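Novice: From TrEMBL, here are the annotated features:
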DOMAIN    1-111  domain 'HotDog ACOT-type'
ACT_SITE  ASN9  active site
DOMAIN    167-281  domain 'HotDog ACOT-type'
ACT_SITE  ASP198  active site
REGION    296-324  region 'Disordered'
COMPBIAS  296-306  compositional bias 'Basic and acidic residues'
Amino acid sequence: RIMRPDDANIAGNVHGGTILKMIEEAGAIISTRHCNSQAGEPCVAALARVERTDFLSPMCIGEVANVSAEITYTSRHSVEVQVNVMSENILTGAKKVTNKATLWYVPLSLKNVNKVVEVPPIQYARKEQEDEGKKRYEEQKLDRLETKQRNGDVILPVINPEPHTVGYSQSSLIHLVGPSDCTLLGFVHGGVTMKLMDEVAGIVAARHCKTNIVTASVDAINFHEKIKKGCVITVSGRMTFTSNKSMEIEVFVDADPFVDEPRERYRAVSAFFTYVSLSKEGRPLPVPQLLTETEDEKRRFEEGKGRYLQTKAKRQAQMQQAVQ
């Protein structure tokens, strides 16, 4: 579809959340279609995880986004989907790849939202493809468990914070989940949640550097629990790490199920977003150094630095392989 002004920021760059929402929609369609391809219990595919995705080049107002999805692995109860996003300038015909993403879905019964149904297997061209897929499946399953275990933090208001501190830029958004946000089963589309998370992360980044900002990458997004219609969700974001030209923002989503069931607030989704600051000409700008004040902030900064260095090393290794 063509990118319109309400899809973009004030500089004309399409929001990362808009692209993430399109990616998830494509993944949900192909997964649901596959899981209902054989006779059995009707189901809807629900997003469980998005692997790290890099925003390879910006997309602008007026360009056309072409989103393609392919199922690359199935386990008994999950589906791995690879999604590619390409932008096209319809005036010049120029095309470029903007995103590549890997998503994991689980099929939930239309009759019982808590029941996971079996996934029809796919045919692999080579045995190695199945083995590689199984390895990715085991890795993401372990990472999801580890991430859920460390999800206990909350973001508290800071009175009169100083510029460039964590408290100065931290932000929250409160949203009532309505029918238009939900699947046929009455829980929130993963793409809707990711779009809200990107909005909050963008506010944090803009507050910190006060320039035009764009999403550079998103670390793995883990969907720990479903969010049902009628819940009030709080999407919170805070700065965790800054390098010379990038910012890492931790974002998590907490749900309060007020309508259907009296249940305590719970952590539903968590992820790390990376943003870069751009000039009016679209060139990278230096990012103000994050000022850490508490021991927790210093710990999170060092953890973010470790993720940054690890990603940088992987990128350099990939570039060397490409040259060879």
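Residue 1 is the first one shown; counting continues down the chain.
Yeah, the Cβs are placed from backbone N, Cα and C, and that goes for glycine too.
Unlike curated entries, TrEMBL annotations are predicted automatically.
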Novice: Of the residues in the domain 'HotDog ACOT-type' (167-281), how many are helix, strand and coil by DSSP?
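Specialist: Breakdown, helix to coil: 26 helix, 54 strand, 35 coil.
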Novice: Inside 10 Å of the Cβ of ASP198 (active site), count up the other Cβ atoms and send me the figure.
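Specialist: For ASP198 (active site), the count of other Cβ atoms within 10 Å is 26.
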Novice: Which sequence-distant residues neighbour the region 'Disordered' (296-324)? Criterion: at least 6 residues beyond either end, Cβ under 8 Å.
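Specialist: Apart from its flanks, the region 'Disordered' (296-324) reaches 52, 166, 217, 219, 240-241, 243, 246, 248, 250, 272, 290.
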Novice: I need the CA-to-CA distance for ASN9 (active site) versus ASP198 (active site), whole Å please.
Specialist: 12
Novice: Over the domain 'HotDog ACOT-type' (167-281), what is the model's average pLDDT?
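Specialist: Over the domain 'HotDog ACOT-type' (167-281), the predicted model scores a mean pLDDT of 93.
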Novice: Taking 10 A as the limit, how many CB atoms besides its own sit near the CB of ASN9 (active site)?
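Specialist: Taking every protein chain into account, the count is 16.
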Novice: Quick check on the domain 'HotDog ACOT-type' (1-111): DSSP residue counts for helix, strand, coil, in that order please.
Specialist: 23 helix, 52 strand, 36 coil
Novice: What are the DSSP helix/strand/coil residue counts across the compositional bias 'Basic and acidic residues' (296-306)?
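Specialist: Split by secondary structure, the compositional bias 'Basic and acidic residues' (296-306) comes out as 11 helix, 0 strand, 0 coil.
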